[in-house]
């Protein structure tokens, strides 16, 4: 069964139709695409899975809506600044989730150039250390790109105008007759002042594993240069980078060692200023040992380990099935009435496993709860287990463990049984037997009566052959009809459930004739004890057969009987003395309080005989100890104690029962009387409450029930040491060279050591390095330092307890040295005759790099320190070159790094992806393409082609002007384009390219155009109007020409009237209309007396073509109609055409 919580409250999925849970799964699906407010679903979610065995809880899941809000509308007034002043252009983008990426551009979507003088801060503001006239412009635009929603918001443009007061002053001075209206001083230069941060000291907290960014932006003229150092440490070269023209220090994968004080220093020729940033590295909780699943049987104990670290230290809480663990009274999980069995003189472990909250404390009792177990004979483990070092029969009994906490107590009873050890009393003996004879190996053992023994026989450490000739009895092994293959080593093993004992003997098989063959001597017999004294006795015996080999000597051993005090070792035989083979008696020295039994073995060249039967037992009387413990020492483990230790006596050395040790001590030269205490079964004693590191006389005397041992001699021991209380003084550092320094100090006083001075430690903080010097030294060399580095050291005195306080830190700097080899050096072929060399600065710069020395063939070049690549052109192809490069400082050149290369004909193009976050957005102005690029190449192009183009190889490209944004204009509406960003090398070959984007330009309806304002329409209408006008004129003329027919008829009817002059009022064409049939005044019939019928031929042209036709000043005709035909007029007239003719001709 799955369930969810939101912000710690149960989430009822059935109440919200937009939230559902997938069947057979706990996956939660939220459908918020239908216009619902996403803010309503923000929060901390957690899933729980339940079944009859328990509950599993997921990690917390945080859901937040990604936002890209609009910029608030604001009216930004133009900014007027004087040349040389500092200036800040605030961006203040709207808060988004995740935060937006800020960049400044102009109206043409070109990134604004930045430099040491003009740069963008981490908060997005644009900072001018000092403004210059070229900074004047009206299109400072801040853009905010929201990565998750892939949208870009734009702030209103900011206008900046920079006034050059010097030029303005000169201009006004000339205009006002050299009157100086403004100050005649030029723009004053000034020392640096920090614009960001504004305080002298700031602090910054960063989490472990994240990225630390610190910035310092300075105002000043000339523009200050910014540098960074770490106080008492080094900036990590591998994880640190300097960005934004050294104004930003960025450290990745931050750890605790990056904490400390960082200083940014701004400097120009008028001074410097510095700012301190105190960095604290906190760590979110992380696992040192994460909990792991456990599978346990009923009543089985299990431990779930949960160890976490962090800064600040995290708190740990436990939950069971998603619910916090409540307080619980103690419970003993160990099964009750368990019987533990252990062999005497072996350790015993009694378990008491408990559970409770708070964690219960454990106490142990024996037989009754009248007195709690304590003392050196017992060890109490943290898990509740009771350990007894050496188990004795007196330790047998009932034990009770009691678990207590604030909610109650619980107890459990267990039992301990101490058993006698298993011992082989009569081991098998060496045998030499003839072939086809029988042989018997005896093996008699003793064991605890309550344990069941098992006898096992082995031959050459393997099981006995599966042969009926081998017969195993309860205490013997019999082999019948012995053959040569039966020879070997036979071992008997007596096993019980708790222990075992074993013994071995060799079997030798010989031929049938043993007449003159030497063999083992016979067993001595008839052992007798005479001359019995307290510390000596006389032993006599009868030797056995020599078996053709004289007896060299006899060996006598004795054995101990087992007593309850465990001072004797039953069944263990020890070699006591040797006598020549010719003797049959031995005088034996004895120890008090021993139960002796003796047996005799004879030895010849073949070997030992079988041991004789043991003699009767002889018991010596107890006595006081003859000696005291050895190796007595006194030392301290704490600053206020004295631990006295010694080597205890053996059972033979005890000389009697009730062995104890009398421990005595007194402070040397301070106390006359001894303080003493008696202890038993231990080998150390702790004296508490002593002064720190003072000498004591200590001694240990052995005592038993029959009196004390001899007077012990005293040894000198010292009580515990404490940490030194004073630091070495007058610490000085002398720098000898770039890698060696010498430190000197004044020794600490003996009183402040509070112990035995072991030496001095010099701790070099910048490299976490410690140098140790002997206590009689007051100076020492510090080798293997890094050149051009800042170090800080402290000196401490130390004794066996630890270090004392540190001296005042001493800061010193090492001078420059020669640099290390460049970090890398590679050569790549660009084309047939060019090679490009690239290198990186050395990891160990050891100073300020002054440049690089580059050699090849016979050429040697000096390159600046800021250059990291170089291209050689016009090289012969298929030629091998060897190049050498080394870095230089003021101290000289470092080791050389070499590389070989060959100019070749063909070379595979290395295209390594180096682009990221490539996105696009389309607007009316075009398609805005943005990206991130991490490659070294500077020549970037945006290339595009129509999707599914017939010529896929033809990509159009536009060069990018030093930014990571570019606007593609002129894309056709309604088409899709494939777009990519390409980085090209010096030879215009593609080195890196991004993934292709598909950019779709939407088909937009063209706006309505006023046709009346179009030029082509105006020209067309003008042409049409002109044609209409011409047609109207033609029609008007046609109409007037049609009116001449009635006039001619009238002329024909009236004959030839007098020619009358025309009036001015009659000089109009309007009188030749069809409605007005009045004759033309002043007209007459032509001389030919004929009138043409064709109206199209009878027109004013006939009159106009006459060379004699002229007009009077009043407009009347002069002369008469010529009467010539059209043919004559066309062929005979040489006069120029009249205007009427021209009009008629046009028609």
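Note that Cβ sites are derived from N, Cα and C of the backbone, with glycine treated the same way.
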Of the residue ranges 586-610, 611-635, 636-660, the one that TrEMBL records as region 'Disordered': 611-635
Distal contacts, the region 'Disordered' (611-635) - CB-CB under 8 A, six or more residues away: 429, 523-525, 527-529, 532, 534-535, 537, 539, 541, 557, 559, 561, 590-601, 642-649, 653-657, 659, 661, 665, 683, 696, 698-710, 712, 715-718, 720
Same-chain residue ranges lying at least 6 outside the domain 'Ig-like' (285-322) that approach it to Cβ under 8 Å: 48, 50, 54-55, 57, 208, 256, 333, 335, 353
Annotated stretches the domain 'Ig-like' (192-280) and the domain 'Fibronectin type-III' (727-817) touching (3 or more Cβ pairs under 8 Å): yes
Secondary structure composition of the domain 'Ig-like' (421-508) [DSSP: H/G/I, E/B, coil]: 3 helix, 47 strand, 38 coil
